[in-house]
Amino acid sequence: MVAFGKKLKERQIQEWQGYYINYKLMKKRVKQYASQIEAGALDRRHVLKDFSRMLDIQIEKIVLFLLEQQGLFARRIAQLNEQQEALQEEPDISKISELREAYRAVGRDLLKLLFFVEMNGIGLRKILKKFDKRFGYKFTDYYVKTRANHPYSQLQQVFKHVGLGAVVGAISRNLADLQDRQGSYLSIYDEPALPLQDPVVDSLKAAVDRVTYSTNFLDFLGQHALIMHEELPSPVEEHVDDQRYHFMSLLLNLANTFLYMVNTYIIVPTADDYSMSLGAAATVCGIVIGAMAVAQIFSSVYFSAWSNKSYFRPLVFSSIVLFIGNAMYAMAYDLNSISILLLGRVFCGLGSARAVNRRYISDCVPLKIRMQASAGFVSASALGMACGPALAGLLQTNFKIFNITFNQDTLPGWVMTVAWLIYLVWLWISFREPAHETEVNHAPPTQSNAAENDKLEKGLVQPLLTSKEHEQGDDDQECDASEEAPEESRLAANSLGSAYRLLTPSVKVQLLIYFMLKYAMEILLSESSVITTYYFGWTTSTVSIFLACLGLTVLPINIVVGSYISNMYEDRQILLASEIVVLLGILFSFHFIVPYSVPQYVCSGLVMFVAAEVLEGVNLSLLSRVMSSRLSRGTYNGGLLSTEAGTLARVIADATITLAGYLGQSRLLNITLIPSLVICIASIVATCCTYNSLY
């Protein structure tokens, strides 16, 4: 990755060049401090005082320029307001159109100022992190607390710019007033929900959200997909995206995601009964459920590699393999073969094309809708998780056709067989293979001012994870003594080992957290049928309703966290609190001396599942922002690493259920909860130890 100092120089607005943070000078000064301290020429107190003074001067320069620009914007808007008042008396359609375009021009200039603020904000955060990393101080905490909480804070002007928000509000209101509302006299303040179809206002709102760290449900949910963006796009790249994008192909990828998750969880309520009908123990359901995850560990890698060359062929292969796997799963009953049953589930795991689905969104969906597509990917997964058990609960029948048995055990397999066959036909008819990236990269870059404004506007609309990702990537790759060559630092990881070496300690902790929550959730879900049958005598329908209700909490919980909680508290605070609640849910799930009751099981399971969902959302949202940008592309990307961590957790959890079953069903619950408890405690300790490095 190109060093931040070079990027800052390249992307500066030339007429404002003297008002940017002098990142190069401050980085040089940090190196001088280090050498002087080693020589004994400076003490720690002098370094902190001098560096604080330098930061204060840099921030004051930025803030005074911001105030000056705000005054210019206010004057321009006041002049336009006078023209608008004159038009109220003598309406003129052509002049109204000109006035509307003038407001848009102010909006485009404001986008430049927001880009200026963003670049300076990144520079401030980076130089503070570099100082802490070099000297081992907690200087950032001290500086931010003392400057941000002061009544005359200039630091707040950089990150909480009320003046710029007022300019955005003025532009929005006046454009809304100029818009034809078919005789309505309502303003945006009377009806905030009234849509304003103006791209400038949408871009401004997205830019303000980005530089003030605010988020919304779609952004928060979309980050769960770990689809990361490496660079601010150019107009050429956006044109390429538009050429490669095909709505029906995106819909087919989301449908593949949904069907695969249904396929994963549709057998959970009946896996124990199916195992017993074939002469195995009920706890063999752990292996039956986990066989799919075992195969997915390998399929994720080759599907990720395959998606470098094609999207259509791996999706076709996935559908065929899943069709065969589900047919084998269903036929195992009449063949009376546990081996065929397990082999069918292995085939289903070999058809996991989630890497292709994620890669299609990353490579072929235009940036302006990529976050919505990412949120669709996560929503499809959540809905599939809920629909799978619910569908199993509806398949309560028993009949034969041509000596082929259709009952609650085999029908999930037959239903998914038909579903994948229909999907394969739809895929063959409707999918459009996008042009390969190298084929569409020949268009010459334009140098027009309009193109530059387009680039700036689209760059500001992309998710906040880009800038934070740049920060982490730069800090991971930059050396204090010498900068890494840009060509080398931009290379994607070429193996799981090299990808793992790119992970910082804090990212490894977050992957551990992800492993923990997936392990705990898999234990809860996979053994639910065995546990509830043993303790409460639940039927398959009752288990299905319970699991479906758990799955249906996913989207509401993410709405609450993404829209409200994540804007009220820091991610690391929510992270630690969620881990503690998961721990409490695990502890409450244990069967102690008192009789085990339905309220205890349902409440503890709900607490554990909901807390794990909150934890997963915040953890992946944070992970998508701090993972090295070298993991945003290639076969061995960040999405693959997180998938492998979660899949490995599921495999180990399902194996634990089967192994614990040899000790008897009476001990199954407590035995399987002990590893969950240990891993959860370990993740909490690791989080506390790296608390200051998680952000």
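Glycine too: its Cβ is placed from the backbone N, Cα and C atoms.
TrEMBL has this to say about the protein:
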type: DOMAIN; residues: 2-145; note: domain 'SPX'
type: TRANSMEM; residues: 250-268; note: transmembrane segment
type: TRANSMEM; residues: 280-303; note: transmembrane segment
type: TRANSMEM; residues: 315-332; note: transmembrane segment
type: TRANSMEM; residues: 338-356; note: transmembrane segment
type: TRANSMEM; residues: 377-399; note: transmembrane segment
type: TRANSMEM; residues: 411-429; note: transmembrane segment
type: TRANSMEM; residues: 511-537; note: transmembrane segment
type: TRANSMEM; residues: 543-562; note: transmembrane segment
type: TRANSMEM; residues: 574-593; note: transmembrane segment
type: TRANSMEM; residues: 599-623; note: transmembrane segment
type: TRANSMEM; residues: 668-694; note: transmembrane segment
Same-chain residues near the transmembrane segment (377-399), Cβ under 8 Å, at least 6 residues beyond its ends:
221-222, 224-225, 227, 253-255, 257-270, 357-358, 361, 405-408, 411-412, 415, 540-541, 543-548, 550-552, 554-555, 558
Give the nonlocal contacts of the transmembrane segment (338-356) in its own chain as ranges (CB under 8 Å, at least six residues past its ends).
253, 256-257, 260, 263-264, 267, 274-275, 278-280, 284, 287-289, 291-296, 298-300, 303-304, 306-307, 311, 314-315, 317-322, 324-332, 413, 639-640, 643
Using DSSP, how many residues in the domain 'SPX' (2-145) fall into helix, strand and coil?
127 helix, 0 strand, 17 coil
Average pLDDT across the domain 'SPX' (2-145)?
79
Within this structure, do the transmembrane segment (543-562) and the transmembrane segment (511-537) have 3 or more Cβ pairs under 8 angstroms, counting pairs 6 or more apart in sequence?
yes
Mind checking which residues reach the transmembrane segment (574-593)? Cβ under 8 Å, same chain, six or more beyond either end.
513, 516-517, 520, 524, 561, 565-566, 600-601, 603-605, 607-609, 611-612, 614-615, 618-619, 622, 669-670, 673, 676-677, 680-681, 683-684, 687-688, 691, 694
Of the stretches 250-268, 411-429, 543-562, 599-623, which racks up the most C-beta pairs under 8 Å with the transmembrane segment (315-332)?
411-429
At a Cβ cut-off of 8 Å, and with pairs 6 or more apart in sequence only, do we get at least 3 pairs between the transmembrane segment (250-268) and the transmembrane segment (599-623), yes or no?
no
Under 8 angstroms for C-beta pairs, at least 3 of them, ignoring pairs fewer than 6 apart in sequence. Is the transmembrane segment (543-562) in contact with the transmembrane segment (411-429) by that rule?
no
